[in-house]
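Here is the structure we will look at, set down as structure tokens.
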Amino acid sequence: MRAGRVTDLRRETVGLFYHGFDNYMRVAFPEDELRPVSCTPLTRDAKNPRNVELNDVLGNYSLTLIDSLSTLAILASAPLDDGNTGPKALRDFQDGVAALVEQYGDGRPGRSGAGLRGRGFDVDSKVQVFETVIRGVGGLLSAHLFAIGALPITGYEPLDPDGDPLDPRPVVWPNGLKYDGQLLRLALDLGQRLLPAFYTKTGMPYPRVNLRHGIPFYTNSPLHDTPAGAPGAEGAPEITETCSAGAGSLVLEFTVLSRLSGDPRFEQLAKRAFWAVWYRKSQIGLIGAGVDAEEGHWIGGFSVIGAGADSFFEYALKSHILLSGHELPNRTAPAASSMPGWMDPNVLFPPLSDTENSPEAFLEAWHHAHAAIKRHLYTDRDHPHYQNVNLWTGSLASYWVDSLGAYYSGLLVLAGELDEAVETNLLYTAIWTRYAALPERWSLRDKTVEGGLGWWPLRPEFIESTYHLYRATKDPWHLYVGEMVLRDITRRCWTPCGWAGLQNVVNGEKSDRMESFFLGETAKYLYLLFDDDHPLNKLDAAYVFTTEGHPLLIPKVKTRDGRPRGSSHRTDLIAYYDDTYTNSCPAYPPPIPLTGSVTAARKDLYHAARMLDLHLLPSSPSGPDVVEGQEQSLVRSNPALFPWTLPLHVLPENGTCNPINSPNEIMLEFAANAQQVVAGSSFNFMLGSQNMERLTTDRIRVSSLSGLKITLRLEEGEEREWRVNKVNGVPLGRDEFIVLDRAILGDVSDPRFNLVRDPVFTKLQHLHKVVLNSNHTEDHPDEDGDLVVDQDAPLLYQPTDHSSPPVTSRVAEFGSMVKSLLTRMVSSLDIQPAPSSASAVAGSPALPFNFVVNQTAVVPTGLGTAPLPTITVPAGARVPEFGPVDPSVFPWSTVYAGGDACAGPLPDAAPRDHQVLVLRRGGCSFSEKLANIPAHAPSPRSLQLVVVVSGEEDDGADYKSYALSAAAPGLIRPLLEEVQRTPGGLERRHPIPMVMVAGGEVAYHQLAVAERVGLARRYYLESQGVRVRNIIVDEGDAGVNP
């Protein structure tokens, strides 16, 4: 884009801002917002306190002016060739500060602290904590940083080069105001009025607080008390539901407030609230949108990047940026007795750790949060975008994207995820091109506005991401996107009295409200997009924009020698670095010759347009607003190529497009019959099917093939594989599994659904008996009084390694482990012997509890490999919880532990009298271990299987093997490179079957003391010769150990 054109757009943006700001100051100030259609002030809805859409935000403290101050400070650095823009904006900034001080005082305790509207923000307004922090506290702090020179304004340098930004000298402004920190004191006043909301048992703040009376409406708070004249708790109970964004997105503002004021309470409260949300993430790493601040449980069960969770992710990364290079905070609060009305909710909780206060911890949280989003929410179907999924399973929950989610591309830019940022931003650009705004929700399935939610209240998220993308790429594409936004706002939202949001983006109906963030964010990002040389764009400091668009930083304190102080000298905290994540910003590809735009030449550019069906629109979707003499626009040619302001010459002449990504899916439907098995569970409310039972959060058992319908999606990666993404109409997450009993599969064989025996993996099962006995004898002491390991059963365990502890020690260790585990199992499952069992008879011994350990085993490969035993655990076998076990389930009852079997031949009795031989890996090759097993006559009582137990410490050069693929990470498939031989060197007449398991020392001794051992073959399903990844064929362990 020509420099002159950028200059024109910058100046138009200044005019856009002032049209709204001047009308607000003329018509609405000192009220909160402006009604641009009726040209009147917009205030709180006093007649309807439950109108939270208005009352949560409008606190009766001149909100729009506070939100606009940082934008005025940014405009004050306008280039000199923009005429009077800079000097006027600086005067307006200083006059705005003076107007606030006049209305609310200067924050001091004396007479000067009382303004025309009150002393500070002592107003009877119940407001939302989150909105008040990001708009009120954040706006005041950002303006204060500009006022003292900590953030740059061209030509304005109030701070002495050797001065302390935490204790700046007063500066007299041309309007007569002597600025000495009034905005900081007002921010502190407002922050203190929010403290009662943090009196919860979870650490997450209540969603609302009264700026004068606190929280008398939250009756369960330890702070609950209803003073005279205050609104009490009558009527319906106050809602305690907040959102992850509302509870966890306070760190930036409250940290800066604490560091500037010296009051540590705010920083600790905000960080504790952030971690309170993060620690509640699901097992797959996702956080929900809604959460109960009082009880701490998730509400709704959705995981999204947009409304409800958006700024939580933003503050994870930006908190790391803000805190980097600074010392850990001072956590010693001033004496409570020295201040009236002192509150410190931190006393309800243990102090945060140094790690929780460190910037590295927030970076780690961001990395893991984004990894979970990329795993479960990101999809490349049609064009890359983010879905809304189930919090616990990751399964698809809804088919829409919301306008708030447009911020995420800009956040990815800051994180160095540039390609993902560019590709996902294209969809929002196409949506804007389609509607000349972003509807609140857009349906991916119906390709229209979702559920009538078609308003656009002048939101900033899309232009915010456009700004960050341009800063990272300098691709002119994003300048043309910014021009499109500016043109459409000017055309659709202008009123004689300001700028109106759109109530309906389809028909252009206006709403009578100009939200404060339009001047505080939308206009600000538009301006910075078109002012490439702005000092804020060149600032080399750890500053961030808050979620309300207010720039913040922590000023560095200077030491006596004049050097900045703030970096922590502690190295024990700098422990987090993971090179599997993006830790730096990549270089952007060089511009395409002649066109200058890499984005316009992307091979997936058309994909986003296709999702919106832009090719089906009339040739002028945005109206005839192309002025004569401007660059030729696509609005006259092809709306499928967007944005509509993009000149034709930016597109490559020979541009090509990749095929749209439409994954290969097939649906299999099994015939229904009357033999259907019915299963039920209290967890099945989400399944809606009688032959489906949820076993765990990630596993669903299908108890019958009758009438079963499954949808398979072919996934192309390192290996081609099918994934079941829907079963009986229920969507599945990426890491959800279907469990099918081997017994119900029978001998199913069909090219589309074929049962295959796994040639590499098998399952080793060993049985241990534990006595659940409350009547202890001297021989079985137990402090807990409920579980005892039966050590009287015969255990054949002859370790050849004399350095190993004695057998009784190992038995006791394993028994202690089993006991600890079973204590938790019994307490949670309420397992009790049947009343008719022998344990119910007075004086009779307790029946033993059958504890089965399942281990994945890998078979060897090479010349020395022998077939596995034909006697295996029967398909569908079930082990009773108590009492005797059918010997056919676990056919082998004698175990010999032979150490590493490298020192020489084992005793003749080892293979002759024992059915299972357990060896440790390492010390010699696998072939050498087998060669040290004496020859023996085959019989049912002699050696049936050798189990080698591997551990990480065994890795070395004394064995030969190769690693398996990702199917079993960390497990090695043994290589038997020569035929098996006897200790005498002869070729073994009856080769010995062998498997290997992981687990190291613990697994070795578990097997050594096992009551019985069995081997179950593993199976998997494939379709058209390709394996189905997430179907588990269950051989009796409920798919717990696939």
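Note that the numbers count up from 1, one per residue, in the order the chain is shown.
Each Cβ is built from the backbone N, Cα and C atoms, and glycine gets one as well.
Annotated in TrEMBL:
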ACT_SITE  Glu131  active site, proton donor
ACT_SITE  Asp310  active site
ACT_SITE  Glu440  active site, proton donor
ACT_SITE  Glu461  active site
BINDING   Thr547  Ca(2+) binding site
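Here the C-alpha separation of Glu131 (active site, proton donor) and Thr547 (Ca(2+) binding site) works out to 10 Å. The subset of active-site residues (Asp310, Glu440, Glu461) lying with their Cα within 10 Å of the Cα of Thr547 (Ca(2+) binding site) consists of Asp310, Glu461, given in sequence order. Residues near Asp310 (active site) in space but far in sequence (CB under 8 A, at least 6 apart, same chain), listed by position: Ala245, Val304, Leu404, Gly405, Tyr407, Tyr408, Thr547. Its own atom aside, the Cβ of Glu440 (active site, proton donor) has 21 Cβ atoms within 10 angstroms in the protein chains shown.
With respect to their backbone Cα atoms, Glu461 (active site) and Glu440 (active site, proton donor) stand 12 Å from each other.
With a 10 A radius on its CB, Thr547 (Ca(2+) binding site) counts 27 other CB atoms from all the protein chains. Ranked by Cβ neighbours within 10 A across all protein chains shown, the active-site residues Glu131, Glu461 are led by Glu461.
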